[in-house]
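A.B. asks: Just passing along the structure, written as structure tokens.
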Amino acid sequence: MTRRLFTSESVTEGHPDKIADQISDGILDALLAEDPRSRVAVETLITTGQVHVAGEVTTQAYADIPSIVRRTILDIGYDSSRKGFDGASCGVSVSIGSQSADIAQGVDNAFELRTGASESALDAQGAGDQGMMFGFACSETPELMPMPIALAHRLSRRLAQVRREGVVPYLRPDGKTQVTVEYEGLRPVRLNTVLVSSQHAADVSLESLLTPDVREHVIAPEVEGLGLGLDVEDYRLLVNPTGRFEVGGPMGDAGLTGRKIIVDTYGGYARHGGGAFSGKDPSKVDRSAAYAMRWVAKNVVAAGLAERCEAQVAYAIGKAHPVSLFIETFGTETVPVERIEKAVTEVFDLRPAAIIRDLKLTRPIYSQTAAYGHFGRELPDFTWESTDRAADLKSVAGA
């Protein structure tokens, strides 16, 4: 059988784009904590010594945005210009307006309600925008995620952990990981390459200190004994292949909200509708429907209806009901795909108000999603990772 290589990357919480995501979601959480009906679309730009926050907000809540910005940056570990940024002394500018009345009328008074087609409360809320959203799940890992992105996230979390705990004290917050896995057909069989790039203090030897420390403290705990049928012997390790990574964080690269959408999702292993997540309240289907599609796909796989599942939903702005639903199982289905799709429509209500209700998305839970992936982490607040509908799907599909 033909063997192929597939690669995915992750980044640490100190990557400039991820700093921006965490600031945007920190502001969102502060507003939702006081007013769960807040409408929020907040973008962050971070560059050398400066943070710019802009967007549209309609809310009854108050958020001290400069304080949230500084606290987020300091919590990540940027507390000195020697590390590339200092949250205590950086400049913060804020430019926030209110949500467009034209958008608001479609969200608050959906097409179905305006035309008299329905009087259901769940039909009152229209989609906040048009677009298509994808979800994916597969049986490669216990969390039903693709192996490359799952392992890349584990390594980036570990890289941040050893820095925070002082195990490798000369590391700085900015970092990236990349994992290449060899596949035989649809099955991951061998770890091919691991790449780790980490910001570090000056005068650190790459060969005698950084590479051995990364191998021992970052990679070995995550890779050795991984199991899952993956051969982890003799993989290639690349650490800081530029030779030096002293200038990092926003001093090295500007960061923007929404620039790591592939890291946030499936590492390129599945399709993406194009909409970013961070800084958006759940009335924005870019976020809420993408979470719902992960929920759908994961339940399809958990129900044993397929080994891998990609689900697409699409919306028209101002309409409550989706305009389309598409299920792809890549030939791994155990019942006809048409039955799976029909079961999904019966078991899941994909109107925006129903998604928000069922997944409890008006809670201030989003800061914890903003680094290390929105999917594949089975945390209590990540309701879209639940497989609570698997039994119903299996029953309706007749499996």
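Each residue's number is its place along the chain shown, starting with 1.
Each residue, glycine too, has its Cβ placed from N, Cα and C.
Keep in mind it's a predicted model, so treat the numbers as computed, not measured.
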A.B. asks: Asp174, Gly175, Lys176, Arg244, Phe245, Asp253, Arg259, Lys260, Ala276, Lys280 show up in Swiss-Prot as binding ATP; which entry in His15, His52 does that record put in the same site?
C.D. replies: His15
A.B. asks: Tell me which range among 33-43, 99-109, 110-120 Swiss-Prot lists as region 'Flexible loop'.
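C.D. replies: Within the set 33-43, 99-109, 110-120, Swiss-Prot attaches region 'Flexible loop' to 99-109.
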A.B. asks: Tell me the Cβ contacts of Glu43 (K(+) binding site) under 8 Å, same chain only and six or more apart in sequence, or just say none.
C.D. replies: Ala20, Ser24, Val53, Ala54, Gly55, Leu256, Thr257, Gly258, Gly279
A.B. asks: Where does Asp17 (Mg(2+) binding site) sit in the DSSP three-state scheme?
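C.D. replies: SS state of Asp17 (Mg(2+) binding site) = helix.
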A.B. asks: Using C-alpha atoms, which one of the binding-site residues His15, Arg244, Asp253, Lys260 comes nearest to Lys284 (L-methionine binding site)?
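C.D. replies: Closest by Cα: Lys260.
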A.B. asks: Of the binding-site residues Glu56, Gln99, Gly175, Arg244, Lys280, which one sits closest to Asp17 (Mg(2+) binding site) when you measure Cα to Cα?
C.D. replies: Gly175
A.B. asks: Rounded to the nearest angstrom, how far is the Cα of Gln99 (L-methionine binding site) from the Cα of His15 (ATP binding site)?
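C.D. replies: Rounded to the nearest whole number, the Cα-Cα distance is 29 Å.
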A.B. asks: Report the member of Asp17, Glu56, Asp253 (the binding-site residues) whose C-beta atom has the most other C-beta atoms within 10 angstroms.
C.D. replies: Asp17
